[in-house]
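Novice: Here's a structure for you.
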Amino acid sequence: MPQTMMIFLKPFISAPSSSSLWSKSNIGESSLDTNVKICKRAEVVCQGMLAPRKFLQKRRKVEVFKSAEDEADQKNWRKMMNEIEETGSAVSVLRSQRDKNKALPKDLVLGSLVRFKQLKKWDLVSEILEWLRTQHWWDFNEMDFLMLITAYGKQGDFGKAERILGHMNKKGYTANVISHTALMEAYGKGGQYGKAEAVFRRMQTSGPEPSAITYQIILKIFVEGDKFAEAQEVFEALMDMDAPPLKPDQKMFHMMIYMYKKAGKYEKARHLFSLMAERGIPQNTVTYNSLMSFETNYKEVANIYDQMQRAGLRPDVVSYALLISAYGKARREEEALAVFEEMLDAGVRPTQKSYNILLDAFAISGMVEQARTVFKSMRRDRCSPDLCSYTTMLSAYINAPDMEGAEKFFRRIKQDGLEPNVVTYGTLIKGYAKTNDLEKMMEKYDEMRVHGIKANQTIFTTIMDAYGRNKDFGSAVAWFNEMASSGVSPDQKAKNILLSLAKTSEEQMEAKQITGCTDELIVDRIPDNNNDEDDYDDDVVESGDDEDYDDDTDAKESILSGEKLDQLIISGSAASQT
């Protein structure tokens, strides 16, 4: 029997460009019941929306063990790994596993190391290896040194990476591409971009010869450090050389596409996308996600999404999140929900961020009931709401507008054990500014300061605009000056809003003098206080974060097979997909 749904439709709805979106979603004609109403304002109420999918329901796995001894070993190992996860320290737990006058079984230690490496928990990897260096029963060899320096590289701890490299030299181990790349990455992640570049240039001239991973990481370092010219020089050298040491690979293209997005050079990013096909570089879901991430028009995002599907590629959770975000920002809540439903139907598990993006799509339009449905679904699907989720839900009440509901929900944030931050307070301050309730606005501002939270640019600009509209121009000037005296430099939006508040010729002259502007650039008075960071940097681009340390696979990883490792479930251990 079809699921009963009640939908309030907008007077006019354009169908999204993606035909596949509607063919797979639950918002097709076949799934609609006859229970339909038309409402004055744009609303979508789906009593059956976000219904649980089977793959989201917890299922008990049937495990098969080789023997009673194998079962005991695996259960003991899982218990130990869970203890490490809970305590945050590996060595104390490993020590507790030792019998009197007996060393730890090496396969237990190796299996733990391999697992933590797979999970990219480099702090635990380095902790275990540093401990093993002091144990007489462990033969700490070159591979262990390489894994340790790699772990410090991933953490950006260049001081310890330098120390380990020095120990390797004293032991007589020849410096190789793995150790140099790890040191270079440590400098880059530690913000020492000049030192990272120096290691890379030394490798180019004196050796060891950089590998593909070395190039991936140096490009990432350059892009993160806004050294775009250096990144372009390295990439173009690989592209133009008659006999380059290696050809640019997929990850290098992805990083450069992201770099051009970051630099605002979208046409160059699109050119690189086309060049991948010309050079025979495979394009995958990440490639299309990279393109989708810098498009601002929902039609363009949907078009790229369609191209990806026509190319035979399956969208991942990032692809869906980008499309949901595009529809949400365009205030096309029906399409945003349809995409989310399509994602669930495709068996893609939603992440906390993808839920937050859908939540924001309803919050933007002040659709409180729909936002509450999404908020409740998060817990059901084991995506516990974070502070961003709560702040987005708060903005739904404010955009409704329902300040009484907003106040109640603000109190709930604290009751649920979370501490409001500057964005949370800014969202509530913006709500009172929109309703011209200066008394309550200042009450929240003072409360924020009592809790030791400093106002940011958005809050100062919001208060300045509210005073300028409800009091007088002099009040707005006072808050503009307060912003500057608090160490927050007014941006162009703040200057433009002050200019827009000036009515008389004297006020306009004063505003120009204060802001240093010669022309009045009028913008929206109330700045958006969007708690969604809209940052897909880590989601869209593969970072080249490959495993630089190749363990002795036969000797080490075979001890705990992939099948055996995959049976272990550690809460929160899976690295985020996005």
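Just so you know, glycine gets a Cβ as well, placed from its N, Cα and C.
The compositional bias 'Acidic residues' annotation in TrEMBL covers 530-554. Positions annotated as region 'Disordered' by TrEMBL: 526-560. Under the heading repeat 'PPR', TrEMBL lists 141-175, 176-210, 211-245, 249-283, 316-350, 351-385, 386-420, 421-455, 456-490.
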Novice: Give residue numbers and ranges for long-range contacts of the repeat 'PPR' (456-490): same chain, 6 or more residues beyond its ends, CB-CB under 8 A.
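Specialist: Contacts of the repeat 'PPR' (456-490) (Cβ under 8 Å, skipping residues fewer than 6 from its ends): 422, 425-426, 429-430, 432-433, 436, 438, 441-442, 445, 448, 497-498, 501-503, 507, 510-511, 514-515, 525-527, 529.
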Novice: Below 8 angstroms Cβ to Cβ, which residues of this chain, lying six or more residues outside the repeat 'PPR' (176-210), approach it?
Specialist: 145-146, 149-150, 152-158, 161-162, 165, 168, 217-218, 220-222, 224-225, 227, 230, 245, 548-550
Novice: Mean pLDDT across the repeat 'PPR' (351-385), rounded to an integer, is what?
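Specialist: Averaging the confidence scores along the repeat 'PPR' (351-385) gives 88.
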